[in-house]
Number of protein chains: 2
Amino acid sequence: MKNLPIGFIDSGFGGLTVARQSLRQLPNESIIYFGDSARVPYGPRPLEEVKEYIWQMTNFLLAKGIKMLVIACNTGTAAALKEVREALSIPVIGVIHPGSRAAIKQTHNRRIGVIATEGTIKSQVYKQALLEKVENLTVYSMACPEFVTIVEENRVGDFETQGIVNERLKPFVDNGVDALILGCTHFPIMRGAIQEAVGESIQLIDSGVETINEVSTLLDYFGLSRTANDAKQFPSTQVFYTTGEVNHFAKVAKNWLHKETIEVIQCEVKGNVLIETNHSEP
Amino acid sequence: MKNLPIGFIDSGFGGLTVARQSLRQLPNESIIYFGDSARVPYGPRPLEEVKEYIWQMTNFLLAKGIKMLVIACNTGTAAALKEVREALSIPVIGVIHPGSRAAIKQTHNRRIGVIATEGTIKSQVYKQALLEKVENLTVYSMACPEFVTIVEENRVGDFETQGIVNERLKPFVDNGVDALILGCTHFPIMRGAIQEAVGESIQLIDSGVETINEVSTLLDYFGLSRTANDAKQFPSTQVFYTTGEVNHFAKVAKNWLHKETIEVIQCEVKGNVLIETNHSEP
C-alpha cells in the first residue's frame with residue numbers, strides 16, 4: 001500500500017504548484033496527476049457539475065491505485081472535499097484548510113488577507129474556515145482573476161506586471177495585514193512579484209506548501225510514508241494525465257516542475273468516465 | 001466526543017509552550033494538562049521507565065475523558081509515541097515529527113540545525129526523522145542543556161544570557177544553516193535571545209507551534225474540531241494536574257500562558273497509578 005502513488009487532481013495546471021511541493025518536501029513519494037485542462041476553468045461552473053468532474057478524476061485515479069488523494073484545486077475542494085472524503089477509504093485532502101491553518105499559525109496581529117479567484121472569494125470558504133477556528137480575526141478578501149491570466153499567458157516577468165500587482169495589493173498593505181493567503185494554486189508562480197508588492201513584513205501563505213505539509217502529517221499518521229530506503233528499492237515515479245493538449249501540458253509541467261522530461265498521457269471524456277487515449281512525446 | 005478536551009502530558013513545565021500554542025491557534029478547544037514535575041527530568045532515565053510514566057499519565061487522562069493526546073515532551077515522544085498511538089483508539093501526537101516536517105518545508109539550502117537536550121541529541125531522533133523524509137539534507141545537531149537551566153532558573157532576561165547564547169549558537173551561523181529546530185519545549189521561552197544570536201536569516205522552528213498545527217489537521221480530519229459556535233454553547237476550559245508543588249506550578253503556568261488565574265490539581269503516584277490529592281489556591 002505505501003508504495004502506491006499520491007493522486008493529485010485539478011482543473012488544469014494550477015495544481016502543479018502543489019505537486020511541485022510534493023517533489024520538494026516528499027521526494028521519496030510517487031505521484032500521479034490529473035489535470036482536466038479541456039474543461040478549465042471550474043470557477044464559473046455550477047457546483048454539481050464541478051463535483052461530477054472531481055468524481056470522474058477520482059475514479060480514474062482510484063482505478064490506477066493511489067494511497068491518498070489531494071484535491072489540488074480551490075473550487076474542487078469547496079465543491080467536493082467533504083463528499084469524496086466520506087466516500088473513500090483512503091485519506092483525502094483539500095487545499096483550503098491547510099492555508100487557513102497556516103495563516104492562523106503565522107499571524108501576530110490577527111489581520112489576515114486572502115487573494116483568490118472570483119468564485120473562491122464569493123464562496124467565502126477561506127473566511128469561514130478562518131473564523132470557525134478563531135473568531136476574533138479580521139479577514140480581508142480580494143478576487144484577483146487577472147493574476148491567473150498573467151500566469152497562464154506567461155507574463156509574470158513582463159515590465160508592466162509588477163505595477164499591476166502593486167496597485168492591486170496596496171489595500172492589504174494599507175489595512176496592515178501580516179499574513180496573506182495565496183488562495184489560488186496559480187499564484188505561487190508569481191510569488192516574487194506578490195512579495196515585492198506587499199513588502200517583507202507580510203508573510204505569504206502558499207496553500208501548496210501547507211497542503212503537502214498536511215499530506216506528510218497524514219501519511220506518517222497512517223503509516224503510509226515512504227522512507228529514503230524505500231525509494232532506493234522502488235524508485236519514485238511521476239505520471240501526468242490531461243484532457244487537454246498533451247504537448248502544451250508537458251511544456252508547462254516541465255517548466256513549473258523544473259524537469260527535463262515528463263510523461264503526459266492523453267485522456268478523453270466518454271459519457272461520464274475518463275479514458276486514456278494516447279501518450280505524449282517524451 | 002468533540003466537546004472533550006485535548007490531553008497534554010509532559011515531564012514538567014516544558015509542554016506548557018505547546019499548550020500555549022493550543023490556546024492561541026485553537027481557542028475553541030478545551031485542554032487538560034499533566035506535568036510530572038516530581039519526576040522531572042525524563043532525559044537521563046531508562047527508556048522503559050519513561051514509557052511507564054507516559055502510560056501512567058495517559059491512563060489518568062483517558063479516565064478523565066480526552067478526544068486526542070499530545071505527548072508534549074521530546075523524551076516521552078521518543079520513548080512511547082509509537083506504542084501509545086497503536087494502543088489508543090483516539091489520535092496520539094508527538095512533538096518530534098511536526099518540527100522535522102516544518103524544517104523540511106522551510107529550508108531552501110537543505111542545511112538544518114537542531115538544538116535539544118543531551119538525551120534527545122544522543123538518540124538522534126530528529127536526524128533520523130529528517131533524513132528518512134529527505135536524504136540529501138545536512139543536519140547539524142547540538143545539545144544545549146544549559147538553556148534548560150536558564151529557563152528553569154528564570155534567567156532569560158539576565159545580562160549574561162545573550163552572550164552565552166551567542167557563543168553557543170555561533171557554529172550554526174558558521175555552517176550556514178537556514179532553519180534551526182528548537183527541539184526542546186523549554187526553548188521557545190528564550191526564542192528572542194536565540195533569534196538575536198543567529199540573526200534573521202535563520203528561520204527558527206518551534207515544535208510547539210508546529211505540533212498544534214498538526215493537532216488542528218487531525219482534529220479536522222477526524223471531524224473532532226470545535227467551532228466558535230460550539231465554544232459559545234460549551235465554553236472551553238483549561239485544567240492542570242501536577243505531581244509537583246501546585247503553587248509553584250500555578251505560578252509558572254500563569255506566567256508562560258499569560259493567564260491571571262489557573263486551576264492546578266495536586267496528584268501523587270500510588271503504586272503504578274496517579275491519583276488526585278488536592279487543589280491549589282486559585
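A Cβ is built for glycine as well, from the same backbone N, Cα and C atoms used for every other residue.
Listed in TrEMBL:
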type	residues	note
ACT_SITE	A:Cys73	active site, proton donor/acceptor
ACT_SITE	A:Cys184	active site, proton donor/acceptor
BINDING	A:Asp10, A:Ser11, A:Tyr42, A:Gly43, A:Asn74, A:Thr75, A:Thr185, A:His186	substrate binding site
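In this structure, A:Asp10 (substrate binding site) is part of a beta strand by DSSP. The two recorded residues A:Tyr42 (substrate binding site) and A:Cys184 (active site, proton donor/acceptor) have their Cα atoms spaced 12 Å from each other. The shortest Cα-Cα distance between A:Cys184 (active site, proton donor/acceptor) and any of the recorded positions A:Asp10, A:Ser11, A:Gly43, A:Cys73 is the one to A:Cys73. The substrate site, placed at the center of the C-beta atoms of A:Asp10, A:Ser11, A:Tyr42, A:Gly43, A:Asn74, A:Thr75, A:Thr185, A:His186, has further neighbours from the same chain whose C-beta lies within 8 angstroms: A:Gly12, A:Gly14, A:Gly15, A:Val40, A:Pro41, A:Cys73, A:Gly76, A:Thr117, A:Cys184. In sequence order, A:Leu16, A:Val18, A:Tyr33, A:Phe34, A:Gly35, A:Asp36, A:Ile71, A:Ala72, A:Cys73, A:Gly76, A:Thr185 are the residues near A:Asp10 (substrate binding site), counting only same-chain partners six or more apart with C-beta under 8 A. Long-range Cβ contacts of A:Asn74 (substrate binding site) within its own chain (separation 6+, distance under 8 Å): A:Val95, A:Ile96, A:Ala116, A:Thr117, A:Gly119, A:Thr120, A:Val125, A:Gly183, A:Cys184, A:Thr185, A:Ser207. Over all protein chains present, the Cβ of A:Ser11 (substrate binding site) has 28 other Cβ atoms lying within 10 Å. Between the farthest pair of Cα atoms in the substrate binding residues (A:Asp10, A:Ser11, A:Tyr42, A:Gly43, A:Asn74, A:Thr75, A:Thr185, A:His186), the distance is 14 Å. In this view, A:Cys184 (active site, proton donor/acceptor) is surrounded by 28 other Cβ atoms within 10 Å of its Cβ, with every protein chain counted.
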